[in-house]
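Student: Positions annotated as NADP(+) binding site by TrEMBL: A:Tyr11, A:Gly12, A:Asn13, A:Leu14, A:Thr35, A:Arg36, A:Arg37, A:Cys70, A:Gly71, A:Gly72, A:Ser73, A:Ser93, A:Phe94, A:Asp95. Here TrEMBL flags A:Trp149, A:Thr174, A:Arg200, A:His250, A:Asn277 as substrate binding site. Residues or ranges marked as domain 'Meso-diaminopimelate D-dehydrogenase C-terminal' in TrEMBL: A:123-276.
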Protein chains: 2
Amino acid sequence: MSKTRIGILGYGNLGRGVELAIRQNEDMELVAVYTRRDPATVTVETPGVAVRSAEQLEAGNEPIDVLILCGGSATDLPAQTPVFAGKYNVIDSFDTHHNIPQHFERVDEAACAAGTVGLISCGWDPGLFSLNRLFGNCFIPEGSDYTFWGRGVSQGHSDALRRIEGVADARQYTVPVEAALEGARSGTHPNFTTREMHTRECWVVLEEGADPAKIEAEIKAMPNYFDEYDVTVNFISQEELDRDHAELPHGGFVLRSGDTAGGHTSVIEYSLKLGSNPEFTASVLVAYARAVARLAAEGQKGAYTVFDIAPAYLSIHDGAYLRSHLL
Amino acid sequence: MSKTRIGILGYGNLGRGVELAIRQNEDMELVAVYTRRDPATVTVETPGVAVRSAEQLEAGNEPIDVLILCGGSATDLPAQTPVFAGKYNVIDSFDTHHNIPQHFERVDEAACAAGTVGLISCGWDPGLFSLNRLFGNCFIPEGSDYTFWGRGVSQGHSDALRRIEGVADARQYTVPVEAALEGARSGTHPNFTTREMHTRECWVVLEEGADPAKIEAEIKAMPNYFDEYDVTVNFISQEELDRDHAELPHGGFVLRSGDTAGGHTSVIEYSLKLGSNPEFTASVLVAYARAVARLAAEGQKGAYTVFDIAPAYLSIHDGAYLRSHLL
């Protein structure tokens, strides 16, 4: 079997997750990690994997079949994915839902011009949760959608806490409200406010001399992030944060419920419980990187999302195996 | 919008479910119901829908885009699907897992020769549960699979009960064992015996003079169907059976759990709670019939399963809509 040669751009939590995920996919090979840092300062775990400067990607002749972009959605991916789709087959986990259409168009233009394949917004949300929203809407055409996140660490909300003056460090958990989950499962199509679906749980380390009451009030009033939620704030020491909140678990639930034309209720529920958000996201990226390589080998080009990928393309196994073992 | 013209072959519970499901899909139109009975004896619910003899399909010139085959897997579909794939685009819900590879080959041969598309084994198991087994294996390459069915009516087991001498009527519910479900969700990869995963609950109407103790013993000893399970047998009147057990609910759970190479546990759970098994199965068939029509319009041919269908093909909406609303 000739292996699919993977490059990783960006060696943070997600990039490290991709490195690990490739070890569980024997048809994949990690060729190089590309970094914007000085490559001499970056040590990867896997023996024999090169660390190269991100600049070396520019010429478009690195020996990789798919480049997995592991940067952030705020500034990295909007700039990187269209550029590198012009040189390589690429995949990203761009997750700013509102800007997906524009990102898709820019990647599509670059990939069509270059004859490459660019798969965007791949992970679990957007990604697997999106698939389940789509499937739910197709199989239950008249119904209600629910997406719950958690219990898990929201890195965006943790960052927002850390930007508050007087906060030394912080971790924020998004927690689905059990009663709302039960309501969504009941098939009675309840409508929920933002506050009714999730609570937010903050673990905060204060800087010396900071006023906990003032900081708690500031957190609870923060627009968009916290003001529409029931929020609990717990003050702990850095040691406690490091000991009890070092992991990045996450997950959630996608539900679709509705009635058939015969008046019978159907409920579809999809859920994820993830010990490590970046490691699982990386596993999803690696499976879709396999699909990208296959589409490219067929001569396809342009931008894709998870909606456009036939599930069989994700598997290491061929169609005959899948039909006899998993159908 | 030009509608996709659907024909239904076989007007039992599933055929009636397809008729209902088409009403929730405005791009679909039911043209005719084909039956092996005397068409004069069959009345369909939808005004304007023709009832025709199944023989009229033979010439291959009925005005339909997709024929949805609603017969049984034991004898109807193995004979019908390859024959009609030679004349029309077809879709079936063939569910004898063991014979799927052979059925696929026969449909593929006929469809390739005729230039048609034939999608087999579509429904929720095989079908949506298969998809989730495949996705689970791709995103958690090292892990354990669990499929639980129920709580729901097993028509095969109900039929088996009715074949016992002295049984006038019966209904059998397959029930997942809650402790096993919790074990599967725990991520500890337990192994279960058949008995540990499901129980079987029988509701039996006796013929006059039949011996309940003898029949209960006969049920519990029935090989394959009941002998490997904990079985409860309840004797009730025909009136009670008709009043309390007339519906065909079903559902179940597909779980995949395993560890990332970083040692973090991931658990994926997919579940269905269906008020009507045939009506939901029909909804799935109609969504996949849309995909069949699209593949055929593209000039594709041959046999397909749910593994081969890009999710976007299932939706009434176009890619831009899906990316902005569901991704």
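In case you wondered, yes, glycine gets a Cβ from its N, Cα and C as well.
A TrEMBL annotation is a machine prediction, not a hand-curated record.
Fair warning: this is a prediction, and the values are worked out from it, not measured in the lab.
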Student: Mind telling me which of the binding-site residues A:Tyr11, A:Phe94, A:Trp149 has the densest Cβ neighbourhood, counting other Cβ atoms within 10 Å?
Tutor: A:Phe94
Student: List the Cα distance (Å, whole number) between A:Trp149 (substrate binding site) and A:Thr35 (NADP(+) binding site).
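Tutor: Counting only the Cα atoms, the answer is 31 Å.
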Student: Out of A:Arg37, A:Arg200, A:His250, which of these binding-site residues shows the lowest number of other CB atoms within 10 Å of its CB?
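Tutor: Least crowded of the binding-site residues A:Arg37, A:Arg200, A:His250, by Cβ count within 10 Å, is A:Arg37.
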Student: Which of the binding-site residues A:Thr174, A:Arg200, A:His250, A:Asn277 has its Cα closest in space to the Cα of A:Tyr11 (NADP(+) binding site)?
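Tutor: Ranked by Cα distance from A:Tyr11 (NADP(+) binding site), first place goes to A:Asn277.
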Student: What is the number of other Cβ atoms found within 10 Å of the Cβ of A:Gly71 (NADP(+) binding site)?
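Tutor: For A:Gly71 (NADP(+) binding site), the count of other Cβ atoms within 10 Å is 22.
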Student: Out of A:Thr174, A:Arg200, A:His250, A:Asn277, which of these binding-site residues is nearest A:Asn13 (NADP(+) binding site) by C-alpha distance?
Tutor: A:Asn277
Student: Can you check what DSSP calls A:Ser73 (NADP(+) binding site), collapsed to helix, strand or coil?
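Tutor: The residue in question, A:Ser73 (NADP(+) binding site), is coil (DSSP, three-state).
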Student: At a 10 A cut-off on CB-CB distances, which of the binding-site residues A:Asn13, A:Thr35, A:Ser73, A:Thr174, A:Asn277 has the highest count?
Tutor: A:Asn277
Student: To the nearest whole angstrom, what is the C-alpha distance linking A:Thr174 (substrate binding site) and A:Ser73 (NADP(+) binding site)?
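Tutor: Between the alpha carbons of A:Thr174 (substrate binding site) and A:Ser73 (NADP(+) binding site) there are 20 Å.
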Student: At the level of the C-alpha atoms, what whole-angstrom distance separates A:Phe94 (NADP(+) binding site) and A:Asn277 (substrate binding site)?
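Tutor: Each residue's Cα considered, A:Phe94 (NADP(+) binding site) and A:Asn277 (substrate binding site) end up 15 Å apart.
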Student: May I ask for the distance between A:Arg37 (NADP(+) binding site) and A:His250 (substrate binding site), taken between their Cα atoms and rounded to an integer number of Å?
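Tutor: Checking the Cα atoms of A:Arg37 (NADP(+) binding site) and A:His250 (substrate binding site) gives a distance of 29 Å.
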Student: Relative to the Cα of A:Gly71 (NADP(+) binding site), which of the binding-site residues A:Arg200, A:His250, A:Asn277 has the closest Cα?
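Tutor: Closest recorded candidate to A:Gly71 (NADP(+) binding site) by Cα: A:Asn277.
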Student: When the Cα-Cα distance from A:Ser73 (NADP(+) binding site) is computed for each of the binding-site residues A:Arg200, A:His250, A:Asn277, which gives the smallest value?
Tutor: A:Asn277
